[in-house]
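According to TrEMBL, the feature transmembrane segment maps to 29-51, 57-75, 87-106, 126-148, 155-183, 195-213, 225-248, 254-274. The region 'Disordered' annotation in TrEMBL covers 319-352.
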Amino acid sequence: MSIAVCIQKYSHVKLAGRKDQRSFFRTKTWWFGFVLICVGEGGNFVSYAFAPLAVVAPLNAVSVLASSILGFIFQREKSKLKDFAKQNVLTFLGYILTVGGTYLFVAFGPNTHEKLYAEIVVLHLVGWPVLLYLFLEIIAFCVLLYFYKQRNANYLVVILLLVALLGSVTVIAVKAVSAMLVITIEGSMQLDFPIFSVMFVCMVASVIFQGRFLSQACNLHDSSLIASVNYILSTFSAVTAGAVFYVEFRNEDVLHICLFLLGIAICFLGVFLITKTKKKTKSFEPYVTMDMTNGVPTIHNKEIQAEFSGSFSYGALVNNDGAPPADRKLEEPPVDSRSSKTSQEQLDLKKQ
């Protein structure tokens, strides 16, 4: 998945200067990335049928780590090894924490797995813990949606909580649909049960609304912050959904559960460090400044320092040659001595 996204990004960057914005559809690199995305998503879909949700969902941290490493490779920044290490020390620490946390939650995660026939899915769905969980989730979703739509609460946490609540429904439905498809392929027909249609509709609808909320979040907030917060909230909701709906921790002891939660927390910190230290691109907007008091333009170069010094401008401007700025007082034009004498003589004649 990470390789596919980087390949498609490379295709878009390479064709950014062309007038035809749809020309990337004609490139082999973009289609190669698209095929890799389909293969990766297909493998992710099938993995839900063979592994617990509590193990599959946190593995998205590996995708974040791989994307960051591939970003360094594709950027190809030429710098000394010492300077490069100083600039990215927190990112490397995030790599170590992510790898260590991944090992912990995989090694000590739940190992129980059952074949989800349609009858078993129905039994899980009608249990009172699941009904109570879904009831509380619907109430929370409605409250957050009210504040988001009616009160204009466009906070990042509010939007991503909506995404996470939808995500818990998505992973429950995806696991059920994937498991029933695998059982059908093995020879026992499961697609004619009504529960399969219900789960399939819930899966498609929740994915569509997740995409809409994520798109709105990307338009309002920083993408690196969205990546870390969305991973934390979505992983928490997926693990909770697996524990409540599929009872994945029923045969686990307290020590394994504590080490599993420790691995998840370490992964959260690692992903936060990786995305937090991501370099932000600075957009350049040239503009002309003018001294509005005297109506005289002040000559500056195009360099803008991104500093805030209490002024109302975007940044501090630097002069062309390092010379101090011109005095605001307008210099009076020189007066010719001859013209002053003649004007004085004319005044004297008029008085006589």
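Start at 1 and count along the chain as shown; that gives each residue its number.
For all residues, glycine too, the Cβ spot is worked out from N, Cα and C.
Each of 29-51, 87-106, 126-148, 225-248 was scored by its Cβ pairs under 8 Å to the transmembrane segment (57-75), and the highest score goes to 87-106. Using the rule of three or more Cβ pairs under 8 Å, pairs at least 6 apart in sequence, the transmembrane segment (254-274) is in contact with the transmembrane segment (87-106).
Residues 52-54, 57-58, 60-61, 64, 110, 112, 114, 116, 124-125, 129-130, 133, 156-157, 160-161, 163-165, 167-169, 171-172, 175, 214, 217-218, 264, 267-268, 271-272, 274-276 of the same chain, all 6+ positions outside the transmembrane segment (225-248), place their C-beta atoms under 8 angstroms from a C-beta of that stretch.
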